[in-house]
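Below is one structure; the comments refer to it alone.
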Amino acid sequence: MSKLSDIRREYSLGDLHRDALPDEPMSLFSKWMEEARDSELLSDPTAMSIATVDESGQPFQRIVLLKRFSEEGFVFFTNLESRKSQQIAHNAKVSLLFPWHSLERQVAITGEAEALSTADVMKYFITRPKESQIAAWVSQQSSKISARQVLETKYAEMKAKFSKGEVPLPKFWGGYLVKPSSIEFWQGGERRLHDRFLYDKGQSGWDISRLAP
């Protein structure tokens, strides 16, 4: 087996030019997301890492799924009693990362997370499969449990409880809109001369800068 330090690869799938960039970053993100979804190389194109910090400044990361995006920002849903939600309540500044390795691309976002309204959350919740709706009631996310059987038992209880009719929205389940202050697009380049462009949100629009790799 080779050493990790011996692993090499070339990046040659594409490039990124300043004169081809739109004025608004979400236009480029939409294009890249569409290409990621159409690619057979990515199994979870909507998977993104979200980083938060606790009260001591310790950062944490985890993977969540992007459920929609617009000029306003990026939306995901989660348990409101989870560690990430508690940290967002303390410090709303977060960062997101879409690691589209097989396309030799990544998108890094900084911004602030804003809680969605109950109506907005409900609109999404009712579209989820019933099994997923029930699962939202089962897990006290980030709490310590003795065994997986604890979850299985609770799921069976909730499944029986909600066997008839609709599953109500848990009060502890919600979502966030991450309003971006910066969005960086990275495209792998030959000889490690990668293309990086940073969109910084200003008072009159977005400023675009090329960054050294």
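Using the three backbone atoms N, Cα and C, a Cβ is placed for every residue, glycine included.
Per Swiss-Prot, the features are as follows:
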- ARG8, ARG9, GLU10, TYR11, LYS67, TYR124, ARG128, SER132, ARG192, LEU193, HIS194: substrate binding site (BINDING)
- 62-67, 77-78, 83-84, GLN106, 141-142, TRP186, ARG196: FMN binding site (BINDING)
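Everything Swiss-Prot records as a feature, shown here on the structure.
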{"residue": "ARG8", "record": "substrate binding site", "Cβ within 10 Å": "6"}
{"residue": "GLU10", "record": "substrate binding site", "Cβ within 10 Å": "11"}
{"residue": "ARG62", "record": "FMN binding site", "Cβ within 10 Å": "14"}
{"residue": "VAL64", "record": "FMN binding site", "Cβ within 10 Å": "16"}
{"residue": "LEU66", "record": "FMN binding site", "Cβ within 10 Å": "17"}
{"residue": "ARG83", "record": "FMN binding site", "Cβ within 10 Å": "15"}
{"residue": "GLN106", "record": "FMN binding site", "Cβ within 10 Å": "19"}
{"residue": "ARG128", "record": "substrate binding site", "Cβ within 10 Å": "14"}
{"residue": "ARG192", "record": "substrate binding site", "Cβ within 10 Å": "9"}
{"residue": "ARG196", "record": "FMN binding site", "Cβ within 10 Å": "17"}
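Of all the binding-site residues in the record (ARG8, ARG128, ARG192, HIS194), the one with the smallest CA separation from LEU66 (FMN binding site) is ARG128.
Comparing CA positions across the binding-site residues VAL64, PHE77, ARG83, GLN106, the one lying closest to GLU10 (substrate binding site) turns out to be GLN106. When the CA atoms are compared, the binding-site residues lying within 10 A of LYS67 (substrate binding site) are PHE77, out of the candidates PHE77, ARG83, GLN106, ARG196. Nearest by CA distance to ARG62 (FMN binding site), out of the binding-site residues ARG8, ARG128, ARG192, HIS194, is ARG128. It is LYS67, among the binding-site residues LYS67, HIS194, whose Cβ has the fewest other Cβ atoms within 10 Å in the structure shown. ARG128 (substrate binding site) and ARG83 (FMN binding site) are 23 Å apart (CA-CA, integer value). Packing around PHE77 (FMN binding site) is summarised by its Cβ count: 19 other Cβ atoms lie within 10 angstroms of its Cβ, all protein chains included.
Ranked by CA distance from GLN106 (FMN binding site), the binding-site residues ARG8, ARG128, HIS194 have HIS194 at the top as the closest. Straight-line distance linking the Cα atoms of ARG196 (FMN binding site) and ARG8 (substrate binding site), rounded to a whole number, equals 21 Å. In this structure, the C-alpha atom of ARG8 (substrate binding site) lies 29 angstrom from that of VAL64 (FMN binding site).
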